[in-house]
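Visitor: Before I ask anything, here is the structure I am working with.
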Amino acid sequence: MASRKHLAAVMGAKVLMVGAGGIGCELLKTLALSGFQDIHIIDMDTIEVSNLNRQFLFRQSHVGQSKAKVAREAVLKFRPEISITSYHANVKDSDFNVDFFKQFNVVLNGLDNLDARRHVNRLCLGADVPLIESGTTGFLGQVTVHVKGRTECYECQPKPAPKTYPVCTITSTPSKFVHCIVWAKELLFAKLFGDKNQTNDLNVRSSDGASSSEQAEDVFEHSNDEDIEQYGRRIYDHVFGYNIEQALSNEETWKNRNRPKPMYVRDFKLNELGQQNGSVEKNGAANDVYSVSAMASLGMKNPQDIWSLMENSRVFLEALKLFFMKRQKEIGNLTFDKDDQLAVEFVTAAANIRAASFGIPLHSLFEAKGIAGNIVHAVATTNAIIAGLIVIEAIKVLQNDTKNYRMTYCLEHPARKMLLMPVDPFEPNKSCYVCSETPLSLEINTHRTKLRDVVEKIVRAKLGMGLPLIMHGSALLYEVGDDLDEDMVANYAANLDKVLSEFPTPVTSGTMLTIEDFQQELSCKINIKHREEFDEEKEPDGMVLSGWTQAPAVAQDDKKSTANAGSSSNASSSMEPEKTDDIETTPEKKRKLSEVSESANPDLSSVAGSSTRNPEKLELDDDDDELVIFDKWDSVTDKKIKLQ
């Protein structure tokens, strides 16, 4: 039975949950059943059909409604005596400031993106409120405790950026299936069905950056009197035939690469394609656009089948035809949606045809959807386990039981008969600019760089500040806020276009800038170092920030990956590692991180996967997000000090 101290801590606590998705649903249920009486939930998302297989507080009738509000209503049905307050809002809204966070005894995160996690971490530090972080992906999960001054904060260790690919790789020299998916989703789909005025790199032929011809641009225009099937074949020949031949014309590109094979409709039996053409009548009602399906038209049923090249060609032509026949009004405004069956079919077929051309293995629609839709298939049981661990750590925090705080990893395969691997948390990283206020160093050409570059590339992009203030001594160079008058706004806007060395109080080598974000109550200092030249390839920003570290992007297994395409000129994909053999660890006692690291290098690749026997540290995101790992586990653990 729970002790009186335990019950008092639980029943008297005011708890903030951020996120009501996969982990959030399980967490809210577990908190309510554990005796918590005052719970607040923030979530900006609405319920989608794809959530229903694991977010059990939601039903089909709830689709389109607020996750936070529906989760509250569902739990109150079996715990009507407790208080649950829901906020259908973004946690980064100004209403949720440090003062708002100060009212809570503990904050529990179930978020799905790095930006929001960093924001909540800073608010918790500013409010001096303990934060419990969590994440799951598939069978893997983790829970970590962050208490100001006692343990490392969420940002004490670097978080990897998604893997990015140059546009020339996507358009001209793909070597992985994810490259083909990005090409089909971000370039071809957008070119045919999206905004016609949007910049698109589809016609970049090869690494020499040759621009497309006027004739090639005209290929994508569809005239009203043109037969739609003829149009589809023309598009097929252009993107899979003509464009490939143009790429092959640059012999230098293919000296050390396998040459792709151009694909034309004439390569197939036209009669067979014609006889097996789909029936539009087999599709759903015209007003239900998401029910339109090329697979249904063609009598194809299993999304886990890997289609042949012929089948992919049929799906490609059928999907394109259906878009123009059944969804004509949407053309010009469409963006890819993983819940849009016809869009997924088109992208899968296009990616597979391109993959076949470049000698890349084909994938099923199920696999392609996971990559294109940024999906790591979630497991409800993992969410439930992690939710239980969050509540256990929350109770320890509320009882101030610091000696028993644990970071716990949920493994896919037993390591020494353990599926849960607890390790002690660590002291704050003395080099962390967020919780230790260590000055950063910025190498920059002060005679050419404008303040705008510093704000956009450093303050916002790297430091994650949403409402920054920049000071040089007592001089205020830049500020953002709703309380500024028009003259101040105009003045700061003008400052953005000034070169650093041309300010009345020049920013030169040796200058110390103070950067603050009042919403996050975060302040850091940046020491400016003038530098004349930068390597355009290795240092494209024209500046180098030291003291802030970004872990290297990780490699991906296409079949288990998540892909995330950026703009047409910068496609990106988050990667999941392959699994390796397990090494068992002792189940009888809780493990210190130093012991985990030293005891025969136990395989936390059963947590994260590793190409070597050297384990790597996890960072897991909830709700169809990506698996992130830290390389060089030993270098990380050597720098960390166990919390005494």
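Cβ coordinates come from backbone N, Cα and C, glycine included.
Per TrEMBL, the feature Zn(2+) binding site maps to CYS153, CYS156, CYS432, CYS435. Among the features that TrEMBL reports, compositional bias 'Polar residues' is placed at 201-214, 596-613. Annotation comment: TrEMBL describes 562-574 as compositional bias 'Low complexity'. Residues or ranges marked as domain 'Ubiquitin-activating enzyme SCCH' by TrEMBL: 317-369. The domain 'Ubiquitin/SUMO-activating enzyme ubiquitin-like' annotation in TrEMBL covers 442-534. What TrEMBL records for 201-220, 553-626 is region 'Disordered'.
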Visitor: Compute the mean position of the Cβ atoms of CYS153, CYS156, CYS432, CYS435, which form the recorded Zn(2+) site, and then list in sequence order the other residues of that chain whose Cβ is within 8 Å of it.
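Guide: For the Zn(2+) site, the extra neighbours are LEU125, GLU152, TYR154, GLU155, PRO428, ASN429, VAL434, SER436.
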Visitor: Tell me which residues of the chain lie with their Cβ under 8 angstroms from that of CYS435 (Zn(2+) binding site), as long as they are six or more apart in sequence?
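Guide: Looking at Cβ-Cβ distances below 8 Å from CYS435 (Zn(2+) binding site), excluding near sequence neighbours, one finds LEU125, LYS148, GLU152, CYS153, GLU155, CYS156, PRO428, ASN429.
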Visitor: Are there any residues at least 6 positions away along the chain from CYS432 (Zn(2+) binding site) with a Cβ closer than 8 Å to its Cβ? List them or say none.
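Guide: Looking at Cβ-Cβ distances below 8 Å from CYS432 (Zn(2+) binding site), excluding near sequence neighbours, one finds GLU152, CYS153, GLU155, CYS156, THR438.
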Visitor: How does the domain 'Ubiquitin/SUMO-activating enzyme ubiquitin-like' (442-534) divide up by DSSP, counting helix, then strand, then coil residues?
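Guide: Secondary-structure breakdown of the domain 'Ubiquitin/SUMO-activating enzyme ubiquitin-like' (442-534): 24 helix, 30 strand, 39 coil.
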